[in-house]
Amino acid sequence: MASSSKLVLVMCFMISAFGIAIGAKFDQEFDITWGDGRAKILNNGDLLTLSLDKISGSGFQSKNEYLFGKIDMQLKLVPGNSAGTVTAYYLSSQGPTHDEIDFEFLGNLSGDPYTLHTNVFSQGKGNREQQFHLWFDPTADFHTYSITWNPQRIIFYVDGTPIREYKNSESIGVSYPKNQPMRIYSSLWNADDWATRGGLVKTDWSQAPFSASYRNFSANACIPTSSSSCSSNSAASTSNSWLNEELDNTSQERLKWVQKNYMVYNYCTDSKRFPQGFPADCVQNN
């Protein structure tokens, strides 16, 4: 295991606990934070739905904060004409120098593909966008969207296929999310000023309410606590492979396939945006 992973493993045992939540109940792991009844936990805690109408959207957040881990969530997105809507699912800390790891699903007109928007913030600085179309209809069924976050890299997965890898570039002076615990947040909201074709296509409120669904949340992660030892069950000791997870050759090929065929925007190739030269972290992340 790399030295940085060993350090994190020691830190987890000293100042936190490994949390394993597999098939977790939404009412046990999350709080509905806004929406005035538009967010609902159903089916004995196995299903969560968000809805959006002209008055308000809705959202929820995790009860726990995490400092590195593997997070999985199954989502079924707003069907039909979802133009103008955004379903956001992300990890974030708080404050002006926050860290953040984003999945955002930008709606579109019926028959046109969703845009999956990803971003990484460190110390309040983002602008690391990569966007993708998907190779399936994300509104027809549930699909699994995952984040692996460890000291060396952040990997975004869709149904187990890597779509993006963001590597730690601290060695060349680029900050990396590693010190701030983050909660999981999700929301469904109206962003028709920018979300679909740069804001040209507006939300069709005659289609409201819009709804997105969530199930099968799982987290194998480090949960900062005030305890002095790891208090979770013994399975944790054999389930922390995410601490030094990296892409093998097969996964690298899958990543290349996605980026060749489904990537629609990459900040590291946008010369108009960065006429003075690409950001330093593009050296390792392009």
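Glycine is no exception: its Cβ is also placed from the backbone N, Cα and C atoms.
Note: TrEMBL annotation is automatic and uncurated.
The signal peptide annotation in TrEMBL covers 1-23.
Among the features that TrEMBL reports, domain 'GH16' is placed at 20-214.
Within 10 Å of the C-beta of E100 (active site, nucleophile) there are 19 other C-beta atoms, taking all protein chains into account. Per TrEMBL, the feature active site, nucleophile maps to E100.
For E104, the entry in TrEMBL reads active site, proton donor.
Long-range C-beta contacts of N108 (N-linked glycosylation site), restricted to its own chain and to partners at least six residues apart, with a cutoff below 8 Å, comprise S82, A83, Y114, T115, T196, V201. Marked as N-linked glycosylation site by TrEMBL: N108.
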Cβ atoms near E104 (active site, proton donor) (within 10 Å, other residues, all chains): 19
Predicted model, mean pLDDT over the domain 'GH16' (20-214): 95
